[in-house]
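Asker: Take a look at this one; I'll ask things after.
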4 protein chains.
Amino acid sequence: MAKSKFEYVRQFETDDTCLRNCYIVVRLDGRNFHKFSEKHNFAKPNDNRALGLMTRSAQSVMEELEDVVIAYGQSDEFSFVFKRTSTWFKRRASKLMTHVASQFSSSYVFYWKEYFAEQPLLYPPGFDGRVVLYPSNRNLRDYLSWRQADCHVNNLYNTSFWTLIQKGGLTTIQAEERLKGTLAADKNEILFSDFDINYNNEPMLLRKGTTLIWEKVRPNEAVTKMVKLPNAEEQKEITVTRSRKRVCPHHCDIIGDQFWEEHPDILERDDC
Amino acid sequence: MAKSKFEYVRQFETDDTCLRNCYIVVRLDGRNFHKFSEKHNFAKPNDNRALGLMTRSAQSVMEELEDVVIAYGQSDEFSFVFKRTSTWFKRRASKLMTHVASQFSSSYVFYWKEYFAEQPLLYPPGFDGRVVLYPSNRNLRDYLSWRQADCHVNNLYNTSFWTLIQKGGLTTIQAEERLKGTLAADKNEILFSDFDINYNNEPMLLRKGTTLIWEKVRPNEAVTKMVKLPNAEEQKEITVTRSRKRVCPHHCDIIGDQFWEEHPDILERDDC
Amino acid sequence: MAKSKFEYVRQFETDDTCLRNCYIVVRLDGRNFHKFSEKHNFAKPNDNRALGLMTRSAQSVMEELEDVVIAYGQSDEFSFVFKRTSTWFKRRASKLMTHVASQFSSSYVFYWKEYFAEQPLLYPPGFDGRVVLYPSNRNLRDYLSWRQADCHVNNLYNTSFWTLIQKGGLTTIQAEERLKGTLAADKNEILFSDFDINYNNEPMLLRKGTTLIWEKVRPNEAVTKMVKLPNAEEQKEITVTRSRKRVCPHHCDIIGDQFWEEHPDILERDDC
Amino acid sequence: MAKSKFEYVRQFETDDTCLRNCYIVVRLDGRNFHKFSEKHNFAKPNDNRALGLMTRSAQSVMEELEDVVIAYGQSDEFSFVFKRTSTWFKRRASKLMTHVASQFSSSYVFYWKEYFAEQPLLYPPGFDGRVVLYPSNRNLRDYLSWRQADCHVNNLYNTSFWTLIQKGGLTTIQAEERLKGTLAADKNEILFSDFDINYNNEPMLLRKGTTLIWEKVRPNEAVTKMVKLPNAEEQKEITVTRSRKRVCPHHCDIIGDQFWEEHPDILERDDC
């Protein structure tokens with residue numbers, strides 16, 4: 001067969017193994033989601049259905065890839081953090097990021113109806129991704145803090161912007177003009193003085209984004225498993241008791257220490 | 001805002017620009033499609049619905065990414081070839097492969113019903129991907145020849161294997177045993193002598209896989225476009241005549257020269 | 001021994017294999033050669049001893065690494081081109097560039113005395129390097145043309161600058177001022193009108209730099225070799241006739257086609 | 001000038017920035033040093049002149065590159081560790097490794113005479129290099145432990161091997177045979193019982209290799225410096241007092257904790 005003659009082309013593949021002992025972060029971003037959200041009538045400034053679907057898709061990724069120890073999402077982006085010692089796909093960057101992008105995207109379409117019952121999906125959406133490595137717990141936490149700080153900045157802006165339009169009757173151009181050069185304190189003041197909105201009472205989901213982690217579900221559950229016995233052709237049904245884990249969402253601050261002190265198992269030690 | 005304090009983490013991102021003047025190939029492979037095909041009752045050895053859906057999803061990718069000049073698929077894999085001079089996503093490997101993986105996966109779920117009407121999709125499927133660069137037309141053609149030769153080898157085996165089972169009444173173990181060590185000629189002979197099947201009369205789709213290329217659709221079509229005029233806030237509707245291109249499937253040999261002579265525009269010159 | 005316990009650290013090494021079927025260019029540049037040339041009293045604008053030593057060191061590299069098919073040098077830089085199909089050091093970029101940098105640097109000190117007899121070497125010089133891949137003959141020739149064009153631009157400037165100082169009696173600041181904004185034609189005119197120098201009669205070495213290629217030395221020479229015979233412990237002396245190759249310098253134009261037509265064996269075909 | 005037309009070739013250069021917050025290790029190995037040591041009559045099993053020259057060359061590298069916080073050498077290899085936060089050459093791997101390889105090689109030839117007075121250098125030697133990143137102090141220490149353990153294993157073997165030949169009168173083949181399959185304890189026993197050599201009394205230099213670190217030299221020294229004053233064309237001589245640092249060799253164990261506790265400034269904290 002002519003196979004061997006062409007097989008040399010495999011040598012053109014390159015090795016993109018991620019450096020050991022580093023956290024591997026895969027971040028996905030929606031492609032052209034400005035247009036996508038308009039075509040699908042997303043509520044402004046936030047659409048709870050869309051945020052719910054993002055979270056559901058991220059859960060699907062984590063359930064497929066147990067080495068993801070934490071994921072964080074806001075708006076049309078989601079970051080997945082593989083544990084330092086993960087050997088999934090032999091740590092090959094291309095495999096990790098394409099699998100995450102693929103699983104997330106197929107889940108987004110698959111679960112669409114559960115969140116957008118009456119609103120049909122008009123075309124298949126796209127997400128692009130990247131891989132970034134972080135060598136220390138500090139670096140990783142700073143990465144997640146960066147994303148959560150970004151969530152806050154954007155949400156405060158968007159809340160102010162759309163309140164000026166929806167409640168204040170401004171045009172988009174006028175609202176842009178009104179907010180130009182304002183600091184966080186100014187926006188808080190506009191919301192409070194003009195619209196009687198205390199931004200700190202806005203939902204945590206919107207101000208803090210969504211953090212997904214694995215949590216143990218108690219009491220331990222009895223699980224029935226098929227196992228292949230040694231020296232046997234047939235499988236046998238056995239019952240094992242194991243502590244079940246589940247992906248759970250949080251909408252809390254992850255910049256400060258409290259979250260990390262309450263969940264000491266997420267990060268591995270630096271001195272390994 | 002604390003934004004600036006954390007922003008240093010962006011410096012951990014790496015540049016993965018693909019070498020210029022090389023073809024960029026992104027190949028996707030189904031994850032655990034053995035199990036996926038069983039759960040969804042794929043016909044053996046080939047399921048035309050599944051092959052049709054793969055092709056539909058690949059078309060969706062090409063329509064999103066016009067710099068893909070040719071795509072080739074068989075079984076649960078599809079390869080996409082970006083032209084040498086492409087500057088999509090600034091040639092960043094991670095962006096290219098995740099976008100292809102994402103668009104393909106969301107399309108696979110989106111178009112599922114068109115191909116599997118009565119068979120519900122039970123869970124969101126996954127595909128993983130990789131990027132490979134080829135510096136010359138010869139290398140690229142050899143890559144595609146490698147995949148098509150692989151298609152042939154696998155399909156001849158699978159056709160023989162399932163014929164022995166479905167028409168010959170063998171068990172899977174007996175069929176494996178029967179084919180062990182056989183060459184292509186032997187398998188052709190088994191099919192012909194025992195089952196009166198001339199393998200060369202099997203459908204081209206199965207023996208050659210699916211090649212997607214852009215083809216001009218004539219006559220030129222008048223297209224209505226919204227354009228934003230300079231120095232104007234509103235858009236205006238204008239009518240332009242353009243030669244329309246469409247992604248068209250072929251099920252022919254792409255190892256020999258004929259296909260390439262008939263479509264001289266797919267490849268760019270080597271001496272550039 | 002504790003060896004095994006630590007050996008895991010080898011897994012942190014990464015694979016940096018150069019893409020196949022591409023020319024591999026290693027370019028070296030002198031580190032702080034402005035200071036080095038002053039400390040060692042290099043003649044201005046060009047020091048023939050220094051250029052000779054650069055070329056001698058580059059020859060030493062080529063004699064060690066036969067897969068270098070052409071090298072080009074000017075001023076304090078030298079580029080080495082490995083043939084497309086080279087498998088030296090398994091095409092590992094780090095090995096190739098460090099070996100070139102090392103061999104060049106040790107040769108530079110080793111041969112110093114042959115070129116700078118009366119001028120002692122005051123401290124060990126440094127060169128840094130990089131690797132660049134070129135997929136086509138056109139790209140590679142354009143790379144070499146880029147370096148030779150750079151040689152021309154710099155040499156015309158330096159010749160004008162130092163002539164204004166050495167023959168025209170200007171200070172460095174005055175000379176800089178005089179040349180600011182001048183084009184090539186202007187500099188040629190200054191040299192010709194004010195100093196009766198026809199730049200085109202300047203030595204080719206200075207205007208074109210140095211190109212090193214392998215050339216056959218005829219007549220074929222009888223070479224005495226020690227060979228280890230199969231099934232024997234001792235070595236035996238045998239005489240073989242082979243066509244000897246030698247690294248030869250040229251100081252000609254390599255931007256146009258003539259040089260490449262006269263030496264058709266340097267480049268491999270693109271369509272492989 | 002045609003410069004611009006060719007300049008596009010610069011786009012083929014790739015970015016090889018080392019991941020932030022990781023130690024950057026450059027390891028050099030002698031090329032064909034088996035032959036080199038024979039041609040230059042190195043003493044067996046160890047040549048103190050050769051080891052001294054290696055250390056001198058490594059010092060030269062560290063004095064050029066102050067961000068190297070520790071270097072470790074044995075036999076014909078030397079490893080250089082750049083501090084985590086180093087920004088030398090913008091952390092570009094190619095620049096770092098070629099500069100180290102170049103500086104080491106030119107120094108080796110430059111200082112040859114100081115160590116091999118009567119023995120002329122016959123040809124310029126070569127070293128090749130590589131870059132490896134380590135994210136944590138533990139990983140880095142394990143890397144250095146790996147090299148020192150390697151030093152021990154090799155030196156015990158070589159000491160036993162050459163003692164059997166030089167004092168025991170065995171041929172090389174007999175000595176190889178005698179040591180086949182022996183453990184460390186066996187080799188210690190051979191040396192002690194047959195030759196009255198207590199391996200633990202062998203010089204630390206040979207058993208532990210050479211570790212180079214920066215150490216403060218007291219008392220602080222007054223240094224005369226030329227400085228360029230602001231708003232002035234001339235330079236002025238001023239006298240400053242500074243704590244001087246010097247590269248100092250150690251021949252001690254670096255696997256255990258003692259060395260690191262005595263020199264707490266070499267490593268940076270992990271939790272940054």
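Glycine is no exception: its Cβ is also placed from the backbone N, Cα and C atoms.
Those TrEMBL annotations? Automatic predictions, nothing curated.
Because the structure is a prediction, the values reported are computed rather than measured.
These came from TrEMBL, pasted as-is:
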- A:6-135: domain 'tRNAHis guanylyltransferase catalytic' (DOMAIN)
- A:Asp29, A:Asp76: Mg(2+) 2 binding site (BINDING)
- A:Asp29, A:Gly30, A:Asp76: Mg(2+) 1 binding site (BINDING)
- A:Asp29, A:Gly30, A:Arg31, A:Asn32, A:Phe33, A:His34, A:Ser75, A:Asp76: GTP binding site (BINDING)
- A:138-256: domain 'Thg1 C-terminal' (DOMAIN)
Asker: By the criterion CB under 8 A from chain D, which of the binding-site residues A:Arg31, A:Phe33, A:His34, A:Ser75 would you report?
Answerer: none
Asker: Please give the maximum pairwise Cα distance, in Å and rounded to a whole number, for the GTP-binding set A:Asp29, A:Gly30, A:Arg31, A:Asn32, A:Phe33, A:His34, A:Ser75, A:Asp76.
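Answerer: Those residues reach a largest Cα separation of 13 Å.
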Asker: Mind pulling out which binding-site residues among A:Asp29, A:Gly30, A:His34, A:Asp76 sit under 8 Å from chain B, Cβ to Cβ?
Answerer: none
Asker: Give me the Cα-Cα distance between A:Asp76 (Mg(2+) 2 binding site) and A:Arg31 (GTP binding site), rounded to a whole Å.
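Answerer: Counting only the Cα atoms, the answer is 9 Å.
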Asker: Can you tell me the mean pLDDT for the domain 'tRNAHis guanylyltransferase catalytic' (A:6-135)?
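Answerer: Across the residues of the domain 'tRNAHis guanylyltransferase catalytic' (A:6-135) the model's pLDDT averages 97 on the 0 to 100 scale.
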Asker: Out of A:Arg31, A:His34, which of the binding-site residues is least crowded by other Cβ atoms within 10 Å?
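Answerer: It is A:His34 that, of the binding-site residues A:Arg31, A:His34, has the fewest other Cβ atoms within 10 Å.
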Asker: If one measures from the C-alpha of A:Asp29 (Mg(2+) 2 binding site) to the C-alpha of A:Ser75 (GTP binding site), what distance in angstrom results, rounded to a whole number?
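Answerer: Given the Cα positions, A:Asp29 (Mg(2+) 2 binding site) is 9 Å from A:Ser75 (GTP binding site).
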Asker: Counting Cβ atoms within 10 Å across all protein chains shown, which of the binding-site residues A:Asp29, A:Asp76 comes out on top?
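Answerer: Output for this query is A:Asp76.
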Asker: Taking every protein chain in this structure into account, which of the binding-site residues A:Asn32, A:Ser75 has the most other Cβ atoms within 10 Å of its Cβ?
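Answerer: Its Cβ has the most other Cβ atoms within 10 Å: A:Ser75.
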Asker: What is the number of residues in the domain 'tRNAHis guanylyltransferase catalytic' (A:6-135) that are helix, strand and coil, as DSSP sees it?
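Answerer: The composition, in the requested order, is 57 helix, 31 strand, 42 coil.
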Asker: Around the GTP site recorded as A:Asp29, A:Gly30, A:Arg31, A:Asn32, A:Phe33, A:His34, A:Ser75, A:Asp76, what other same-chain residues have a C-beta within 8 angstroms of the site's C-beta center?
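Answerer: After dropping the recorded site residues, what remains is A:Phe36, A:Ser37, A:Glu77, A:Phe127.
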Asker: May I ask for the distance between A:Gly30 (Mg(2+) 1 binding site) and A:Ser75 (GTP binding site), taken between their Cα atoms and rounded to an integer number of Å?
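Answerer: Spelling it out, the Cα of A:Gly30 (Mg(2+) 1 binding site) and the Cα of A:Ser75 (GTP binding site) are 9 Å apart.
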